[in-house]
Amino acid sequence: MDQVEAGTMLPLMEAFYTIQGEGFHKGTAAYFIRVGGCDVGCHWCDVKESWNATLHPPTGIDEIVTEARRYSNTIVITGGEPLTWDMGPLTSSLKQAGIAIHIETSGAYPLTGQWDWICLSPKKNMLPVGDIHKNAHELKVIVYNKHDLKFAEEQAAQVSPECMLYLQPEWSVREKVTPMIVDYVMENPRWRVSLQTHKYLNIP
Ligand SMILES: C[S@@+](CC[C@H](N)C(=O)[O-])C[C@H]1O[C@@H](n2cnc3c(N)ncnc32)[C@H](O)[C@@H]1O
Ligand SMILES: Nc1nc2[nH]cc(C(=O)O)c2c(=O)[nH]1
Ligand code: SF4
Ligand SMILES: [Mg+2]
């Protein structure tokens with residue numbers, strides 16, 4: 001559909017008001033907009049239902065923004081992979097409404113849109129493109145095994161000096177990898193631990 005190509009409609013999977021569970025803004029209220037479509041293919045992805053964009057109805061950005069502003073002055077755009085789509089129209093409309101806009105992204109597609117906070121969560125199987133590393137406010141690497149710590153350092157070498165660094169256990173192996181992350185952060189205090197606290201709180 002032309003309007004989805006243009007970013008004036010987006011395949012909307014769900015939108016919900018909750019507490020940001022992860023990373024730097026953990027613990028703060030925000031309205032989440034989950035956009036469908038992702039072909040990065042992380043085998044442990046916790047929202048595989050988001051991958052097929054055709055299952056999620058093309059929704060006009062005016063409708064998305066009207067709903068969002070009823071809930072919060074902070075919006076997190078996630079997915080799926082939001083950068084699959086042109087984020088320009090949605091983010092300029094949210095900006096006009098005076099809303100702070102955050103993104104959760106793998107960076108696998110070119111960065112579009114205007115952002116107050118970029119959380120980059122790079123994936124080995126489809127590396128970030130362009131210069132998103134330089135623009136990231138937060139680097140959040142998911143740790144599934146020991147090799148992911150090496151990958152984390154390779155990614156950290158590409159971000160700005162101000163970028164916050166997080167290691168987040170992959171949920172299904174959290175009991176195994178969390179002790180390894182704890183030791184790593186104590187030895188490398190540039191890094192911080194990020195937990196998916198919303199899953200412990202039983203909230204979306
Ligand atoms: C579902 S993704 C959507 C946004 C984007 N596609 C990305 O990967 O950054 C949202 C966040 O959840 C993380 N995530 C996904 N599955 C996870 C899992 N099983 N355990 C821990 N974090 C996970 C991702 O790395 C990302 O930081
Ligand atoms: N509460 C809550 N916090 C989150 N932070 C990042 C999430 C995401 O799926 O992008 C997420 C999510 O799904 N729920
Ligand atoms: S990039 Fe994000 S949405 Fe896509 S498969 Fe990986 S974790 Fe899931
Ligand atoms: Mg999530």
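Placed from the backbone N, Cα and C atoms, the Cβ positions cover glycine too.
Take the S-adenosyl-L-methionine site that TrEMBL assigns to Trp44, Cys45, Asp46, Ser121, Pro122, Lys123: the candidate from Gly7, Gly80 listed for it is Gly80. Of the chain residues outside the [4Fe-4S] cluster site list Cys38, Cys42, Cys45, Val40, Gly41, Val47, Lys48, Ser50, Trp51, Glu81, Ser106, Lys123 have their Cβ within 8 Å of the site's Cβ mean position.
With a 10 A radius on its CB, Gly80 (S-adenosyl-L-methionine binding site) counts 28 other CB atoms from all the protein chains.
Cβ packing within 10 Å was compared across the binding-site residues Thr78, Ser121, and the lowest neighbour count falls to Thr78. According to its DSSP assignment, Ile19 (substrate binding site) is in a strand. Closest in space to Cys38 ([4Fe-4S] cluster binding site), of the binding-site residues given as Ile19, Gly21, Ser121, is Ser121, taking the CA atom of each residue.
For Lys123 (S-adenosyl-L-methionine binding site), the nearest neighbour among the listed binding-site residues (Gln20, Arg34, Cys45, Thr78), judged by C-alpha distance, is Cys45.
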